[in-house]
């Protein structure tokens, strides 16, 4: 269904798909849908899906999964433009991480910043 709609309607279709799958099969069955959405949607919508996906995983107690999603998404998040993403990840690490995980998040942020500075 998500492939059969116009590209500008895909984000909305994925939202409906995720909602219905969660209602019928449970939230854990939405993982594959989130992964597909992140893969095919434009960066702007993929960022939104990543944040929602990571939030779902942290609510399920899957902290390592959520951290991996943040790390993956960071590669499409220029710190100069997507401050909300970086603030959300920082708050996540303050709640669920430790000094090492916060340091790693900051290292990734610097690395991504350097990548965007050279483009």
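Positions of Cβ are set from backbone N, Cα and C atoms, glycine also.
Keep in mind that TrEMBL annotations are predicted by a computer and have not been checked by a curator.
Per DSSP, the secondary structure of the domain 'Pre-mRNA-splicing factor Syf1/CRNKL1-like C-terminal HAT-repeats' (1-119) breaks down as 95 helix, 0 strand, 24 coil. Feature annotation from TrEMBL assigns domain 'Pre-mRNA-splicing factor Syf1/CRNKL1-like C-terminal HAT-repeats' to 1-119.
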| note | On the domain 'Pre-mRNA-splicing factor Syf1/CRNKL1-like C-terminal HAT-repeats' (1-119), the mean of the pLDDT values is 95
